[in-house]
């Protein structure tokens, strides 16, 4: 059987510096994720760090996105090889790795997604990603079709951005604005000039190494500014945020 994710179109689009507009998925529900997958976003983050997701909730969401053109990206809870291996085996190919601060941590993320000798991924001959052993060329194709996006969200990460961006196998640099703001002494204020300066610096250094940059920006003016600064994969909202604001607006309309 053929695996319809080879070649990885999202990885290719990032490499070609094509703008990719995405959305965050935090509701952890296959129906809401299926609806989100119909909206036309280029990519969707299924969040395993701050949302109540695990293997048992990710699988039905991946099933719900089977017919969607939106590329699923999983944000792992932590940069840990066993966790990443399990997410690979259930069918994720695009990974967002939080809180990467050094080149060594970036290298670990890459190695965790690659079979030997390029990496340390454990081998199972039958799992959901290889359609339970029916994809004949899975081992040959897997390593080169994995996307690794590393998240910079600390002062140490900013200091090491050049080394991180230069890491072989890293496909893009993603800014975590909220944690970055907190790390720079401006908790809850990602709009502070110091934070904005750091964000632009990260974008510039990523570009200098030929790597695309991205960010979460649910405020339209912020998203458009980041695109002007050179970011190419931008998440412009979240299912949770849209649901909350829309229901609040609806209630307010009739309860005034």
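Each residue, glycine too, has its Cβ placed from N, Cα and C.
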Record-annotated substrate site (Swiss-Prot): member among 141, 151, 156 besides 178, 179: 151
Among 151, 178 [binding-site residues], residue with fewest other Cβ within 10 Å: 178
Candidate with the highest Cβ count within 10 Å, taken from the recorded positions 89, 153, 179: 153
For residue 50 (active site, proton acceptor): intrachain residues, at least 6 apart, with Cβ closer than 8 Å: 26
